[in-house]
């Protein structure tokens, strides 16, 4: 009984294994039959034609040009690089043409996925004239397909990644707009043999999810043209991309920091004219910081002789900072030049008048004018600056009632005292003039910078922006 059960179990297992094997063999056979059917359809067509020449375009026997209709779907697009003058684009590229030699009686279109089989058919040798590099996608299978319709229409679809050359006009950078084109033409067939046309009313479609960090795709223009070469005239199709540069990044990274640096340089106008270390260090620091900022802005640009909008901005900001340094130099020179002729401390004229008044009071108290005040020790015109300053700071000069100040009887002549006071007044007058220059600078520098901003932004955003750059292919 047990042996019978064991035999039945073994027999059942063998049937399952054999049945599964037959199933997989059947599935492989079906797949192979389907592939053979597709290949047989194409080879049968080629055999029926007999002398099919894959190197001859379809209408060669009629001496007519073959029309190739093209269209594309832009899957992705990267930034437009100003330094390398190119951009990357990922597209699905479709071509359609009619080859009457491939007409067949099938009710449905024939799908061709084998690159070798597609190589047996004639197809246009289109290429992208201004592409630096181009590559097909092969993951997980070669990304292409071919449909052959009963009337001989051939539809070819593939996915291509391109690095496209774009000669940009950077005169308005970074407030610029660019026109970059993608030019398509045949390599071997001229206009008498092959004519390229855009297919349908909207042959260039764009993935709406495309986002570029520094550019905005405004619109796409497409047209056909005739290119003249020494060997003849070639038909070509052009897709022209109009892009605007995003300015937000440049405002945050360049325009706002440099504007703040210029404003900081104006702080020196509120410092005292004799605060030399503070004003010099402030001017030099702002100038060096602005130079560093300008160098960083130029690193993303090619070395070109054209004057760009960012160059105008950086140069003007540097001129404002340098002008602030010159203003301080002029003011400080005026003050110091007068000090060298007769250095007097601030309020020195008032001190002289006080000394004269005190002297007259003391003089009335002395009988017969035994001792009289002499200014000459403290106000000698030929003494150096440091000595004059120290003499006026001495206690003996400030306290006129001490006997040590009365060194001789003779009074200082009125004419000499007048000369000293005139010199002191001129020092004070020049100091006030220097302060007046600072006050004017506090208003004129910001006003000039505001006027520059108005003209700068109006010109580059409105006037210069109305002239779109010409497409260079």
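In case you wondered, yes, glycine gets a Cβ from its N, Cα and C as well.
Residues annotated as signal peptide in Swiss-Prot: 1-19.
The feature topological domain 'Extracellular' is assigned by Swiss-Prot to 20-249 (among others).
Per Swiss-Prot, the feature N-linked glycosylation site maps to 29 (among others); the stated evidence is sequence analysis.
Taken from Swiss-Prot, the feature N-linked glycosylation site applies to 105 (among others). Proximity of residue 105 (N-linked glycosylation site) to non-local residues of its own chain (separation of 6 or more, Cβ distance below 8 Å) is seen for 150, given in sequence order.
Taken from Swiss-Prot, the feature N-linked glycosylation site applies to 151 (among others), supported by sequence analysis. For residue 151 (N-linked glycosylation site), other Cβ atoms within 10 Å of its Cβ number 10.
What Swiss-Prot records for 166-180 is disulfide bond. Secondary structure at residue 166 (disulfide bond), taken from DSSP and collapsed to helix, strand or coil, is coil.
Taken from Swiss-Prot, the feature transmembrane segment applies to 250-271 (among others).
Per DSSP, the topological domain 'Cytoplasmic' (272-276) is made up of 1 helix, 0 strand, 4 coil. Residues annotated as topological domain 'Cytoplasmic' in Swiss-Prot, with similarity to another entry given as evidence: 272-276 (among others).
Residues annotated as transmembrane segment in Swiss-Prot, with similarity to another entry given as evidence: 277-297 (among others).
Per Swiss-Prot, the feature topological domain 'Extracellular' maps to 298-308 (among others). Under DSSP, residues within the topological domain 'Extracellular' (298-308) fall into helix, strand and coil as 1 helix, 0 strand, 10 coil.
Summarising the annotation, Swiss-Prot assigns transmembrane segment to 309-329 (among others) and lists similarity to another entry as the type of evidence.
Residues or ranges marked as topological domain 'Cytoplasmic' in Swiss-Prot (evidence: similarity to another entry): 330-439 (among others).
Among the features that Swiss-Prot reports, transmembrane segment is placed at 440-460 (among others), with the record citing similarity to another entry.
Swiss-Prot lists 461-473 (among others) with the feature topological domain 'Extracellular', giving similarity to another entry as the kind of evidence.
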Sequence-remote partners of the transmembrane segment (309-329) [C-beta within less than 8 Å, at least six residues beyond its ends]: 171-176, 250, 254-255, 258-259, 261-262, 265-266, 268-269, 279-280, 283-284, 286-287, 290-291, 293-294, 297-298, 301, 437-438, 441, 445, 448-449, 452, 456, 460, 464
Positions whose Cβ lies under 8 angstroms from the transmembrane segment (440-460), at least six residues beyond its ends: 172, 175, 262-263, 266, 269-270, 309, 312-313, 316, 320, 323-324, 327
C-beta crowding around residue 180 (disulfide bond), within 10 angstroms: 25
Nonlocal residues around residue 166 (disulfide bond), in sequence order (Cβ under 8 Å, 6 or more apart): 80, 85, 86, 87, 130, 178, 180, 181
Contact set, same chain, for the topological domain 'Extracellular' (298-308): CB under 8 Å, 6 or more residues outside the stretch: 82-83, 85, 170-173
Same-chain residues at least 6 beyond the ends of the topological domain 'Cytoplasmic' (272-276) whose Cβ lies under 8 Å from its Cβ atoms: 331-332, 335, 431, 434-435, 438
Three-class DSSP secondary structure - residue 180 (disulfide bond): strand
